[in-house]
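What TrEMBL records for this protein:
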| type | residues | note |
| --- | --- | --- |
| ACT_SITE | 74 | active site |
| ACT_SITE | 74 | active site, proton donor |
| ACT_SITE | 215 | active site, proton acceptor |
| BINDING | 13, 46, 65, 75, 76, 155, 188, 206, 207, 216, 217 | substrate binding site |
Ligand SMILES: N[C@@H](CCC[C@H](N)C(=O)O)C(=O)O
């Protein structure tokens with residue numbers, strides 16, 4: 001079976017997007033993992049399936065990591081899918097449903113896509129963590145990093161605050177923390193250097209994906225955790241290896257994220273050539 005797809009990215013965080021709104025597609029975790037493989041498949045940080053949405057949303061977006069696991073949130077893919085739905089409908093505002101809830105998105109003057117990522121959840125069971133504790137300070141130390149803060153943006157995040165991001169071997173520390181027993185559903189791990197209260201540099205080791213050029217929900221978690229720790233204002237530029245996102249944690253609790261999106265190419269794959 002030939003399945004058309006679109007390859008998009010937000011700051012280099014790249015996605016294969018397929019449309020299963022009109023007809024269900026034979027896509028299962030093993031096949032998705034094979035398609036996401038950068039050597040033997042198409043290659044992507046996340047595989048996105050558009051599915052029919054209940055009234056109130058323009059589409060349902062299902063998110064899979066390249067290891068085949070399903071994720072509750074993907075900020076950059078939400079912005080890419082929003083741009084896609086805006087082109088399709090001719091509107092500048094759309095709503096995308098995910099397993100974690102409805103996310104309104106809009107096109108800003110100048111073309112940036114802003115998504116309302118909803119409210120971060122700060123309780124230990126929300127992240128989730130394995131046991132009760134203050135999520136603003138986790139009792140974790142690994143090599144030279146310690147004392148991260150955690151939150152959920154619909155998916156689990158922990159943020160370590162570091163003095164010098166360039167001096168840190170975060171690609172080695174990331175997978176050890178992703179799989180730490182404190183995170184029963186694993187976690188996305190951010191390593192953040194606060195430059196000023198309005199400018200944070202961060203590198204994210206993504207759960208189920210590894211090092212990526214950008215992670216939208218990770219950028220949201222970085223701002224939220226930095227603000228909780230008194231390190232950042234409620235609005236900041238979050239600089240990732242692939243570029244910068246504009247983040248705001250509004251007083252009503254919602255986290256807004258704005259940035260660019262782009263289409264790389266369109267194609268089609270033969271589903272039967274990949275494991276079912
Ligand atoms: N790239 C994403 C996050 C994707 C999901 C994550 N790896 C998880 O498992 O939670 C983003 O832009 O937010």
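Cβ coordinates come from backbone N, Cα and C, glycine included.
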Pairwise CA distance, residue 65 (substrate binding site) versus residue 74 (active site), rounded so that it is a whole Å: 10
Mapped DSSP class for residue 188 (substrate binding site), helix or strand or coil: strand
Nearest of the binding-site residues (13, 188, 207, 217) to residue 74 (active site), judged by Cα-Cα distance: 217
Cβ neighbour count within 10 Å of residue 74 (active site): 30
Alpha-carbon distance [the residue listed as 'active site, proton acceptor'; residue 76 (substrate binding site)] in Å: 7
Inter-residue Cα distance where the pair is residue 215 (active site, proton acceptor) and residue 207 (substrate binding site), in Å: 11
Other residues, Cβ within 8 Å of 13, 46, 65, 75, 76, 155, 188, 206, 207, 216, 217 Cβ centroid (substrate site): 45, 63, 71, 73, 74, 77, 204, 209, 212, 215, 218
Residue 188 (substrate binding site) and the residue listed as 'active site, proton acceptor', distance between Cα atoms, whole Å: 9
